[in-house]
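As annotated by Swiss-Prot, signal peptide applies to 1-24, with the evidence given as experimental evidence. Per Swiss-Prot, pyrrolidone carboxylic acid is recorded for Q25. Marked as domain 'BPTI/Kunitz inhibitor' by Swiss-Prot: 31-82. What Swiss-Prot records for C31-C82, C41-C65, C57-C78 is disulfide bond, and it gives experimental evidence as the kind of evidence.
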Amino acid sequence: MSSGGLLLLLGLLTLCAELTPVSSQIRPAFCYEDPPFFQKCGAFVDSYYFNRSRITCVHFFYGQCDVNQNHFTTMSECNRVCHG
């Protein structure tokens, strides 16, 4: 293969890597768990969870029950951990 062909192949592979959707990236398993809705162990606080069907972080009121880890204090933290 010529050097031009190799450069073209390398460019295409780089482009494909950049276009890989976030949904195919690996997320922690707890991002796919349901958040602890309607469970009250303390005061309800504004929180965010990763909604696996919408593939985005969503606001909810967290009752402070540590059922799983799919709850975050900020949208940016949720996005960083689960959305990519």
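Keep in mind that glycine also has a Cβ here, set from the backbone N, Cα and C atoms.
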Taking DSSP states H, G and I as helix and E and B as strand, how many residues of the domain 'BPTI/Kunitz inhibitor' (31-82) are helix, strand and coil?
10 helix, 15 strand, 27 coil
Within 10 Å of the Cβ of C78 (disulfide bond), how many other Cβ atoms can be counted across all chains shown?
23
Enter the number of other CB atoms within 10 angstroms of the CB of C31 (disulfide bond).
20
Which one, from the disulfide-bonded residues C41, C57, C65, C82, has the smallest tally of other C-beta atoms lying within 10 Å of its C-beta?
C41
Distance from C57 (disulfide bond) back to C31 (disulfide bond), taken between C-alpha atoms, in Å:
10
Across the whole of the domain 'BPTI/Kunitz inhibitor' (31-82), what does the mean pLDDT come to? Round it, please.
92
